[in-house]
2 protein chains.
Amino acid sequence: MKSYARVLVMGYGVIGKRVADAVVLQDDMKLVGVGDVSSDWRIKLAQKKGINVYAVGNDAKEKMEKSGIKVEDTVESLLKSGAVDIVVDATPKDIGARNKETLYKKYGVNAIFQGGEKAEIVDVSFIAQRNYREALGKKFIRVVSCNTTAIGRVIGGLHEKIGIKKARVSIIRRAVDVWESHSTGIMNTVVPESSIPSHHGPDVKTVVKNLNIVTMAFKGSHNLFHMHSGFIEFNRPISKDEVLNVLNAEPRVSLIAYKDGLMGLNSVFELSRDLNRPRGDLYEVPVWSDLMKVEDNELYLIWATGNESIVVPESIDAIRASLEIEEEPEKSIQKTDKTLNITKSLY
Amino acid sequence: MKSYARVLVMGYGVIGKRVADAVVLQDDMKLVGVGDVSSDWRIKLAQKKGINVYAVGNDAKEKMEKSGIKVEDTVESLLKSGAVDIVVDATPKDIGARNKETLYKKYGVNAIFQGGEKAEIVDVSFIAQRNYREALGKKFIRVVSCNTTAIGRVIGGLHEKIGIKKARVSIIRRAVDVWESHSTGIMNTVVPESSIPSHHGPDVKTVVKNLNIVTMAFKGSHNLFHMHSGFIEFNRPISKDEVLNVLNAEPRVSLIAYKDGLMGLNSVFELSRDLNRPRGDLYEVPVWSDLMKVEDNELYLIWATGNESIVVPESIDAIRASLEIEEEPEKSIQKTDKTLNITKSLY
């Protein structure tokens with residue numbers, strides 16, 4: 001059990017840079033630095049912001065220094081020195097698993113992985129409001145992906161409090177992240193994920209273990225946020241008020257209204273930019289309260305998912321759980337939410 | 001009962017122009033002409049193709065003539081003359097309802113309306129393979145919309161032959177039609193339909209009356225085709241083979257495979273263009289046979305919908321049913337399909 005976490009963020013990409021900024025805001029954490037292999041504008045901007053930069057390997061160190069970046073040391077030397085308690089690994093898929101073997105286990109540091117990694121490589125998959133206690137003291141924790149996190153937040157509470165018989169969710173994903181300009185983008189089409197169910201359903205079950213859920217997923221021709229439609233069948237008849245009460249009590253879930261002009265992912269994105277947060281990020285899952293319909297045992301529900309940012313508060317909570325800095329889930333969640341200005345009522 | 005239909009197509013837009021071309025191909029129909037109010041390139045091209053043009057009202061006639069179009073007469077005079085047995089009304093939403101009162105009832109001609117019109121204005125809503133017989137001799141028939149037609153074709157057969165307990169369908173619609181360049185397009189977003197269930201579910205029930213179905217719909221940032229994901233729960237356990245058998249027996253439903261490179265709406269669109277049909281149209285509903293999953297009582301299924309063209313064969317069949325040119329559904333469907341080169345196996 002620690003009272004303080006010295007954190008290294010590995011991979012300064014979409015998630016990593018956001019986690020790094022969030023770590024800086026915590027009074028029980030210190031950002032030791034970021035580890036990367038890149039020499040592009042992102043790392044240069046990190047350095048300009050005063051963040052220490054570490055290189056993964058000597059080759060990368062040399063290249064980064066050649067491009068004018070001041071590299072403190074290699075990540076390996078840093079970890080060896082004992083100056084890091086925990087790593088948040090936000091590197092691309094599968095690299096985290098490799099880093100676990102070659103770096104984190106070797107030097108005895110805890111690590112938080114992202115949803116791109118397999119559940120098998122960690123001790124526990126994690127959504128703060130669902131299974132924080134299960135993650136207490138665990139060396140390797142995986143924060144599940146943005147879509148899985150959103151489903152876990154929205155559906156998990158309904159399952160705990162009312163009891164879901166079966167959830168069916170169809171997901172329209174963003175095609176690429178905003179910064180990407182390479183070949184994975186799509187235009188003027190909709191592309192189904194190649195397996196049914198999509199990986200999200202099984203992934204939610206790594207956290208909400210007894211949930212009966214099936215998901216189908218599609219890529220849409222857009223790069224801002226995901227859209228989810230849920231057909232959620234309960235074990236008994238429910239009322240809309242009951243659903244609203246559960247969602248209102250759920251952290252990091254915010255009700256929004258179509259009648260207030262929030263008519264699509266674009267207007268939700270604009271709202272999130274108006275909240276004056278870094279990068280216009282949206283950490284909450286916005287659920288349309290007036291696009292909700294209840295019929296007997298079943299709820300039809302629509303929510304959006306800020307793919308770049310909703311796992312950021314989860315990563316912060318995962319650090320506290322792993323190092324047992326805080327044993328009470330509510331306390332960690334509240335602390336994180338306060339520092340990131342996360343709110344139940346967005347407007 | 002007639003052996004021959006003299007057809008006027010009202011509204012030479014996305015649907016109207018396709019129906020007009022399809023009417024010309026039938027040996028039991030004659031295209032008298034098209035009625036419109038527009039003077040743009042579309043009407044000029046119709047005329048160039050040898051189609052007689054009629055104007056809705058004297059004002060439109062004058063304007064059209066000024067722009068160089070040879071107008072045969074007004075639609076009113078044409079209908080009065082008794083030279084038309086049936087009108088296919090493909091005018092924008094609600095104009096069909098007005099035309100019914102001011103023109104078709106007045107001059108005693110039958111009419112086929114499109115899915116934009118309300119079910120209440122007609123004697124029967126129509127999907128050929130579902131309720132052709134119900135439409136026999138009916139004066140006013142509504143061919144349901146493209147999405148509704150697709151659902152009716154794919155799910156209707158499964159319901160008739162196996163028995164659906166509840167169908168849940170999430171639809172990603174195209175934002176606009178290809179030709180449109182005005183304000184209804186969307187970019188880089190996904191926009192939910194403002195009501196749950198979307199109108200498609202109730203609309204299917206106007207044809208498949210005892211089907212328990214709920215639909216949610218979204219506009220995507222694309223203009224080619226719709227994408228449907230169906231969670232289809234049956235009254236009993238089913239097998240994939242059973243589902244494939246039903247879909248194979250269903251007219252105007254074609255199985256396609258993701259593993260054959262048909263990985264999204266775009267590649268389905270490209271396939272449809274390679275079929276060498278007018279405008280690259282796709283009249284069949286393509287269903288992914290390898291994105292299909294069966295679990296106990298439930299089927300997860302994905303299909304695309306060619307929004308511009310799938311109601312064209314329906315409109316042709318509706319003409320035959322209304323005028324009782326053909327009493328056997330299969331015979332009309334086969335005849336239409338032969339003329340349009342509709343096939344079970346697209347490749």
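In case you wondered, yes, glycine gets a Cβ from its N, Cα and C as well.
Summarising the annotation, TrEMBL assigns active site, nucleophile to B:CYS146. Long-range Cβ proximity for B:CYS146 (active site, nucleophile), meaning a same-chain Cβ under 8 A and a gap of 6 or more residues, is found for B:GLY115, B:HIS226, B:THR305, B:GLY306, B:ASN307, B:GLU308, B:ILE310, B:VAL311. DSSP assigns B:CYS146 (active site, nucleophile) to a helical segment in the three-state reduction.
For B:ASP36 (NAD(+) binding site), the number of other Cβ atoms no farther than 10 Å from its own Cβ, over all displayed protein chains, is 27. Among the features that TrEMBL reports, NAD(+) binding site is placed at B:ASP36, B:GLY116, B:ARG174, B:ASN307.
The Cβ of B:HIS200 (D-glyceraldehyde 3-phosphate binding site) has B:SER145, B:ASN147, B:THR148, B:ILE151, B:VAL169, B:ILE171, B:THR215, B:ALA217 as same-chain neighbours under 8 Å, each 6 or more residues away in sequence. Sequence annotations record features per position, and here TrEMBL assigns D-glyceraldehyde 3-phosphate binding site to B:SER145, B:CYS146, B:ASN147, B:HIS200, B:GLY201.
For B:5-146, the entry in TrEMBL reads domain 'Glyceraldehyde 3-phosphate dehydrogenase NAD(P) binding'.
The Cβ of B:GLY201 (D-glyceraldehyde 3-phosphate binding site) has 22 other Cβ atoms within 10 Å, all protein chains considered. For the pair B:GLY116 (NAD(+) binding site) and B:GLY201 (D-glyceraldehyde 3-phosphate binding site), the C-alpha distance works out to 14 angstrom. Taking the centre of the Cβ atoms of B:SER145, B:CYS146, B:ASN147, B:HIS200, B:GLY201 as the D-glyceraldehyde 3-phosphate site, the nearby residues of that chain (Cβ within 8 Å, site residues left out) are B:GLY115, B:VAL144, B:THR148, B:THR149, B:ALA150, B:ILE151, B:ILE171, B:SER198, B:HIS199, B:ASP203, B:VAL204, B:THR215, B:ALA217. Pairwise Cα distances among B:ASP36, B:GLY116, B:ARG174, B:ASN307, which the record gives as the binders of NAD(+), peak at 26 Å. Taking Cβ-Cβ distances under 8 Å and a sequence gap of 6 or more within the same chain, the neighbours of B:ARG174 (NAD(+) binding site) are B:LYS219, B:GLY220, B:HIS222, B:ASN223, B:LEU224, B:PHE225, B:HIS226, B:ASN307. Counting every protein chain shown, the number of other Cβ atoms lying within 10 Å of the Cβ of B:ASN307 (NAD(+) binding site) is 23.
Of all the binding-site residues given, namely B:SER145, B:ASN147, the one with the smallest number of surrounding CB atoms inside 10 A is B:SER145.
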